[in-house]
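> First, the structure itself, so that you have it in front of you.
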Amino acid sequence: MIELDINASDKSLSHRAVIFSLLAQKPCFVRNFLMGEDCLSSLEIAQNLGAKVENTAKNSFKITPPTTIKEPNKILNCNNSGTTMRLYSGLLSAQKGLFVLSGDNSLNARPMKRIIEPLKAFGAKILGREDNHFAPLVILGSPLKACHYESPIASAQVKSAFILSALQAQGASTYKESELSRNHTEIMLKSLGADIHNQDGVLKISPLEKPLEAFDFTIANDPSSAFFFALACAITPKSRLLLKNVLLNPTRIEAFEVLKKMGASIEYAIQSKDLEMIGDIYVEHAPLKAINIDQNIASLIDEIPALSIAMLFAKGKSMVKNAKDLRAKESDRIKAVVSNFKALGIECEEFEDGFYVEGLEDISPLKQRFSRIKPPLIKSFNDHRIAMSFAVLTLALPLEIDNLECANISFPQFKHLLNQFKKGSLNGN
């Protein structure tokens with residue numbers, strides 16, 4: 001059995017720990033922070049807003065929040081991180097000062113009206129480019145009034161931005177989403193003293209009566225990162241894998257459940273349950289069968305590109321529907337998956353809210369073909385999840401990816417661990 005402690009701290013928790021520290025009044029400690037480019041953007045902005053950040057150990061920090069958030073004298077650069085931009089928008093909407101949030105070309109092309117509209121419901125003064133559709137965003141912090149909002153999309157980033165504004169508004173606010181998205185924001189903030197309740201799918205958020213409690217968080221491993229290696233195991237004959245110290249929040253393991261339905265053997269062993277469930281995941285290769293994915297999309301949307309690789313190895317036609325938001329990620333992930341598959345000669349087709357893939361079941365003829373002719377270069381579209389998904393496919397096919405370095409955005413250790421997995425599977429471990 002291959003045993004991996006993937007050493008990829010959870011991206012969602014890392015972002016939130018930094019951003020939430022700014023609503024505390026005492027030093028906070030974040031351990032096992034994800035040192036990927038996205039999370040470092042959140043950390044740098046915290047410093048630009050007046051927080052003092054000190055290294056305490058490897059990948060660990062003491063964050064001393066400012067007494068009041070400082071108005072920066074420069075643009076707050078979110079780089080490629082949508083989480084950074086959207087959550088800081090909620091936080092800063094009620095803070096005194098003028099704040100400008102911008103990012104790289106990819107982030108500035110991603111939809112921002114989805115957060116501007118709920119924040120404006122509070123009375124927030126926030127503007128975006130092209131009639132509020134895109135960043136850069138300009139925020140003039142101002143007093144907020146409670147509101148009641150029903151989101152047309154299930155998005156943890158939209159929900160989190162709303163909650164951060166609601167905590168600073170006058171009066172209790174409510175938020176309803178179309179389906180449950182990841183709930184780390186609610187869990188973490190409640191543990192720090194925020195009054196947040198979920199009743200029949202409606203969140204009620206009361207304003208903070210005092211600063212958040214200081215905290216000492218140790219970040220568990222990211223299930224979205226771990227999933228790439230569950231996929232690697234599922235498509236590699238005779239392989240068995242133990243993934244250690246993984247966050248097992250039910251809103252984060254839907255992709256593992258889908259892979260399990262496809263035929264892979266997957267079991268969980270909970271090791272601790274404090275703030276969040278943490279444990280180990282056992283994965284064993286088994287023949288895969290096709291699947292249709294059209295529910296619980298919000299809980300697995302980040303893993304759909306990786307699941308598309310599993311579909312390639314499955315018997316039958318697999319389908320993804322109700323996943324239009326894939327087109328609004330770091331790349332148009334529907335087009336990215338389908339265009340790469342078509343370049344490889346795979347039968348597939350895209351539609352507005354998804355795609356289908358005709359599984360090969362036996363991939364050896366394609367492997368033989370690419371031993372005779374040079375395979376096409378896989379296009380990452382500078383999207384970390386597209387790059388890593390197709391990198392897993394290189395375990396079975398002799399492919400090259402145009403920019404695997406973009407994995408550093410969320411998973412700096414990915415290439416090293418993929419090589420470890422490859423050596424382990426070749427050695428029969």
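Positions of Cβ are set from backbone N, Cα and C atoms, glycine also.
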> To which of Lys125, Lys273, Lys324, Lys329 does Swiss-Prot also attribute binding of 3-phosphoshikimate at the site defined by Lys11, Ser12, Arg16, Ser155, Gln157, Asp302?
Lys329
> Filter the recorded positions Ser12, Arg16, Ser155, Asp302, Lys329 down to those whose C-alpha lies within 10 angstroms of the C-alpha of Arg110 (phosphoenolpyruvate binding site); answer none if the list is empty.
Lys329
> Taking only the recorded positions Gly82, Gln157, Asp302, Arg333, Arg385, which one has a CA atom nearest to the CA atom of Arg16 (3-phosphoshikimate binding site)?
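That would be Gln157, the closest of Gly82, Gln157, Asp302, Arg333, Arg385 to Arg16 (3-phosphoshikimate binding site).
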> Specify the count of other C-beta atoms within 10 Å of the C-beta of Gln157 (phosphoenolpyruvate binding site).
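A 10 Å sphere around the Cβ of Gln157 (phosphoenolpyruvate binding site) contains 23 other Cβ atoms.
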> Determine the C-alpha span of the 3-phosphoshikimate site listed in the record, that is the greatest distance between any two of Lys11, Ser12, Arg16, Ser155, Gln157, Asp302, Lys329, in Å to the nearest whole number.
19
> Whole-number Å only: compute the distance from the Cα of Gln157 (phosphoenolpyruvate binding site) to the Cα of Lys329 (3-phosphoshikimate binding site).
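Just about 12 Å between their Cα atoms.
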> Given the binding-site residues Arg110, Lys329, and counting only Cβ atoms in the protein chains shown, which has the most within 10 Å of its Cβ?
Lys329
